[in-house]
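Trainee: First, the structure itself, so that you have it in front of you.
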């Protein structure tokens, strides 16, 4: 059967959609492999998923406003392109599918230089730098958003965001995570690598909001730490329904820093890494970054979000992603540059049952189950359009 190579890497937002689509194509009888950065997290994920992996060097390119490119990164990018050309010329795949991010670029550009058909998947609401470099010669682009800034809509097909479409029964997930049934569960997650900002700010914010006992404030409680109208919709009459518990995935590198901050709060559970399916299956509210993978998983599980976009994200794509979710009524955007008190207010407002229910309904409407299957359909359409030309053997100059 035909071989399809997924060019991906860098972050989970690029890698996991590739893995989901790879599994779908493999189920249809295709041979599938991943190509990404040597030693990158994609290599370990491919191994765990039983996917063949081809590693190449990958260099980060400077974006507009970032100054001149680093010559060392340009050298790595050139080396990676040559390595990818040699590998793909030997494999002669039917197509290469690019998922964005600097680690995908060598595979996609090498395929295009060899005449191998390329298809792209754009996960964000704004076309990324690496995708802009490849889009002109790509056969088609599957998108996670109905409108993508910088992408000709005639070349785009809305397929959604391929994610792990798995759920756990709530009781089973709570038990696996060591959480109780009953309290509102707030999940804090900074993406596949964690978030320094969320790790530094959120524990203090949640302690100020919910105190040592872990309860939302109600009538008769002491003056709240921020200026809120106590007659507002955030008030909760039933004391039991005011209980909260937190599941905070810090990322392995920051676990030791965060743990001491919350060790006296029995309702605040910290872990370096968490099983995402279990976490999303119990979350009633998420405090997260705004990578498209995170937003797609939130929609699939119907979890409302308070989103703090990563300001350094490529082309500020996380902000544009988050705005689209907020406009749909499924979350609230709080920019990192604002005062922590603003984040406190938004979290408390979104924790209220009525607000959470409305946001949950909006999140579920955003979900597009079956995205991996739809993108696989698009790939198959392009494979049937014309046979893959035979890749030429690399020359001495390649």
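A Cβ is built for glycine as well, from the same backbone N, Cα and C atoms used for every other residue.
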Trainee: Could you look at 104, 113, 192 and say which one Swiss-Prot places alongside 11, 12, 13, 124, 164, 318 in the UDP-N-acetyl-alpha-D-glucosamine site?
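Mentor: Of the residues offered, the record points to 192.
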Trainee: Compare all C-alpha positions of 11, 12, 13, 124, 164, 192, 318, the record's UDP-N-acetyl-alpha-D-glucosamine binders, and send over the largest distance in angstrom.
Mentor: 21
Trainee: Counting every protein chain present, what is the number of Cβ atoms, excluding its own, within 10 Å of the Cβ of residue 164 (UDP-N-acetyl-alpha-D-glucosamine binding site)?
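Mentor: Taking every protein chain into account, the count is 17.
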